[in-house]
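Working notes for the structure below.
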Amino acid sequence: MAAKLQLAFITWHSSKNNLRHRTAEMGGQQVIARRGQPFTITLHFQGRGYLHGDSLHLIAETGPQPDQQAGTQSIFPVGPGHPDSKRAWRATASAASGPRSTDVVVWPPAGAPIGRYQLKIRVDSDHTSKFYYLGDFILLFNAWCPDDDVYLESELEREEYVLNEQGLIYQGNKNWIRPVPWNFGQFEEGIVGICLKLLDRSLHFLHDPGRDCSLRNSPVYVSRVLSAMINSNDDNGVLLGNWSEDYSGGVRPTEWSGSIAILTKWDHSGGRPVKYGQCWVFAAVMCTVLRCLGIPSRVVTNFDSGHEKDGNLIIDVFYDKAGHLLPTESKDSIWNFHVWNECWMERRDLPPGYHGWQVLDATPQERSNGLYCCGPAPVSAIREGDVDVRFDAPFVFSMVNADRVAWLLDGARKEKLQWDTSAVGNNISTKCVGSDEREDITSAYKYPEGSPAERRVFLKALGQRQPLSPPVRYRSGVLPVAFSASVEDRTREPPPAMAQTSLKLQLVESPEVGQDIQLVLAACNLEFVHKELKLSLSAQSVLHDGHPRPPFWQETLYLSLRPREETELPWTISYQQYGQQLGEDKQLRVIALGEENTTWLKTLAEKTITMASPSLDIHVLASVVVNQPFPIQVVFANPLSEPVGNCVLTMEGSGLVKGQPQIQLGPLGPRKQTSVRLQLTPYKSGPRQLHVTLKSSQFPPVKGHKQLQVAPRSGWRCRRD
């Protein structure tokens, strides 16, 4: 009679398995597998090896309440197994190199819950059974597996939306779009554990951990939970939002250049929210977590993004008789830009036709089912006006489709100035696959502005919404809403009477912080009669969420125009005028309000100006090879005619720099150039992105970045300058 089969130890082959599962850079201490794809372990027995008469059963469990019916526990034999890799776990055995060793290939199903698993084995031998704990492994979504709900067919897209650790986030305004580099760093050691901890800190898990872990088989569920956990409005999520411009006690949102420092700080603090974030920070951290867990994701910027909650798809903005943009207490607003995420997945919870890219928005704006989260909402549903589709499609639709109505306030009198059907949702942008170019994806969200299809979809969506029609508060008074939200009213409403004089504001050139702003106002008399025009000109700083600051410059001019005359009025706003008024977002709003002296009809022209940051240049001075130091030089010039103090240089880059080392530079003289020579030692090979941020007391953070190709060994050297 053969002796009882006893397990001695197990070899996990973590490095080899992780390499096959494209998770090697997350670390080699444990297996990090993707579902629907096998991994191999080796069982080593003592006394004798595995025989055909022996019976082995593996037990895979996840969560604090593993249960077979819930799908969080599976007991499966080591043998032929069930052929359905979508639903059932299976394992096969084969002889290993040693006589007392057996290789076991484990196949996690493509529909298994993701998370941290315990693997156990039951050994049945000589009429007795014995259980052994084998260890832990992590299971992620798999964009390479056709049976997985996050499957992406294109390898280039999988490399971009799952594997790429760096990216670009677009900011500015619709006429001046600039890329801001970001270090996602989803493969940095320890990040996957933090991402799983995020799921375990959610209110869903705390309320019912068994059900929560069971539902983690769905990317729809997981992404929605994460949308709530990236902000901290309902729980101890990752980031605390702040739009006040008072960032004491934390980090200014514009200073962040990557997600690693944010997630690590949240984890090391025991889960206390990190101060502070705004939309692009929420979206960037969300992208890191989604990619880390295996869900394809990208960061998307919507310029002139609507925030409309009344249900009528109208966003009202107000001006006084001097042309100043006025703040309101209404939540309706138009952000200069807003940033959210898209994630790729099947929508098995919806009728056919809604798979593919889904909108997720972690910025806390409105509650959804009681929590501050948004999505996933199918992009295809937004394009077709199907706002009755889950989740939060009405809110997403309004962000790209609401109409903007401008009003002039003069005491108790209110006059309609403009009704603009194309003011919201412009130049929706994301990074191109495989390059640093910008991809415009506006057409994925809506039909061309002004086309019959666009208005048809708009009215369809409007008919499906339930308007709330509350009053709009302005300072101490209460103003009635503009109109009823009914489809009939929207189609019958006449446009506001406009003066037959056109005004257009133009920049002579895009200004940089420290430079004067050169503007031209083009005025044209559209009629064959002489006109006298009163021009009210003003400039004010505007935050990126659309909130205006008080005007810092204003002027009144009187202009005579001959019949059909066109003329140009140049003027300058000096740095001395705007410098102290410039906010973190470096956005100014210049407004021209014209009034004819006979008809009293008015015309409005405005322009958003984003001040360009000074350049920060990075020069690589030697070949870049993994684990070998190389020098760089950072060059910066003070653009101001005054000294700049408290200058600090911060570096960051996945695979290049661990942490965020800082260098104190001291003061910089007026208009003076300075350079700093540094030495870095990369610890990962492949394409990498170095981020350098200069902070000072005089202007918002200045950022620079450099793409590097790190050679894996000294025999192959590559340098990009």
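Every residue number used here counts from 1 along the chain in the order it is shown.
Here the Cβ of each residue, glycine as well, is placed from N, Cα and C on the backbone.
The annotation domain 'Transglutaminase-like' is assigned in TrEMBL to 271-364. Within the model, the domain 'Transglutaminase-like' (271-364) carries an average pLDDT of 94.
Cys279 (active site) is surrounded by 27 other CB atoms, counting those within 10 A of its CB over all protein chains shown. As annotated by TrEMBL, active site applies to Cys279 (among others).
Counting Cβ atoms from all protein chains shown, His338 (active site) has 27 others lying within 10 Å of its own Cβ. If you look up TrEMBL, you'll see His338 (among others) marked as active site.
The Cβ of Asp361 (active site) lies under 8 Å from the Cβ of Ser227, Ala283, Trp340, Asn341, Cys373, Cys374, Gly375, Asp392, Val396, each on the same chain and at least six residues away in sequence. For Asp361 (among others), the entry in TrEMBL reads active site.
Sequence-distant neighbours of Asn401 (Ca(2+) binding site) (same chain, 6+ residues apart, CB-CB distance under 8 A): Gly306, Leu313, Val424, Gly425, Lys446, Val457, Phe458, Ala461. Annotated Ca(2+) binding site per TrEMBL: Asn401, Asp403, Glu449, Glu454, in sequence order.
A Cα-Cα distance of 27 Å separates Glu454 (Ca(2+) binding site) from Cys279 (active site). Of all the binding-site residues listed here (Asp403, Glu449, Glu454), the one with the fewest other CB atoms within 10 A of its own CB is Glu449. With respect to their backbone Cα atoms, Glu449 (Ca(2+) binding site) and Cys279 (active site) stand 26 Å from each other.
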